[in-house]
Ligand code: SAH
Ligand code: SF4
Ligand code: F3S
């Protein structure tokens, strides 16, 4: 959403406002002036480049940061080499996400040596870990601004502090109950958008670091959510993705509690909105009420991401997932019965501490029974501070690798078979992009989240088109536009 606020009308000579978001708009106006001065000094506009790691939450947070950067006068570039401001929005859910950031910082240091105007900022989940910030303070002094997941709304203020002081600015909050509304944001796509409905997570799955770095669960007020979507729709958006770590527990912490199913019904009413997606759904909280709402909805897409993590009831218990294999399979059965066209996707962790061959076979069994249209498979990664990190019986690498390969093979076989089912059908797709590989082709997304490539012009982007699914290529289709 673009808040068309003219920063030049804000008085920055007076005292700093103490309420939000006014305070941040004051700092944006100040930043804008400082950026203008710098830009005059160099004789060209200043450029920024942001890199986002991790999940949709981070992607959405980056849009908010880019919204502020654009408003204060930075132009976007894809190349770090030509940027005067580089921001990494980090993820720490698995160790490899974490390591990549350190690797890239080494490269940024070299770039900064060549460009004296360059500023480097780090934010996101990794910054919520005390040992990470210590390491940065000690060995990465060239980083200019460090902030976490709870105070993204303060970005303009922190940047202003840095521009005025020349010192490393660090601001990390342990947790927050605050949700600041009405800040600017820049969307990646004009026709679809992610909308946060809640922040944080209360589930504490024993392997997962997210509750520690994203804090306790907080739901946004339904009125704010609806207003945001209405504004998005008036700005050309036809599809929204409602975002939360566990959308099914939406509304529990509100003064006027409301269920996720009730929220969906309100979103459904928004005129002009065509498609609704949401993620992630925790199986333990997926209610019959939600199944009914999905079944009757004209807008909710026929895709549900329902992470299972493991098929073994024994492992699920140690993971603190609060459902077992039977309960999960029963839920899937009820979903499929209510919506025979529903495409299910999942997340699976291989090699959780103590996982035996028998446990793993249970996971394979679930995969065979559910027949996912796709699945994200992860090798268990030990995250310091989580209960699973101190569990004995961490699984040897070669055993994990073998299980991982077997799982992947099964998933690929099943998802290819599942995809085949739609061959020859005519479906409505939302055109998202021109096809990078074949000239003159565009790519559309089906309601069930599958992609189809077909001949078409760039002008079709953002529109709904009926396409015939001619040939299944495993995880996507080649098709043609029906007139
Ligand atoms: N809130 C979502 C998932 C968020 S994290 C849910 O509950 O499903 C995304 C995925 O990363 C998880 O579903 C899990 O499969 C994976 N993941 C989380 N922690 C992990 C770890 N320590 N090692 C490997 N995979 C992990
Ligand atoms: Fe992590 Fe579990 Fe929360 Fe998902 S529900 S974010 S896996 S703790
Ligand atoms: Fe990563 Fe944070 Fe998302 S740890 S997966 S970016 S909530």
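Every residue, even glycine, has its Cβ placed from backbone N, Cα and C.
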Inset, instruction - Write down the one residue from 31, 49, 91 that TrEMBL lists together with 55, 125 as binding [4Fe-4S] cluster 1. - result: 91
Inset, instruction - Mind giving me a neighbour count for residue 125 ([4Fe-4S] cluster 1 binding site)? Other Cβ atoms within 10 Å of its Cβ, every protein chain shown. - result: 27
Inset, instruction - Work out how many Å separate residue 201 ([4Fe-4S] cluster 2 binding site) and residue 125 ([4Fe-4S] cluster 1 binding site) at their Cα atoms, rounded off. - result: 13
Legend entry - Candidate with the highest Cβ count within 10 Å, taken from the binding-site residues 55, 205: 205
Inset, instruction - Note the Cβ centroid of 201, 205, 208, the recorded [4Fe-4S] cluster 2 site, then list each other residue of that chain whose Cβ lies within 8 Å of it, in sequence. - result: 203, 204, 207, 209, 210, 211, 245
Inset, instruction - Average the pLDDT scores across the domain 'TRAM' (420-483) and report the rounded value. - result: 95
Inset, instruction - Tell me which binding-site residues (91, 125, 201, 208) have a Cβ under 6 A from ligand 2; sequence order is fine. - result: 201, 208
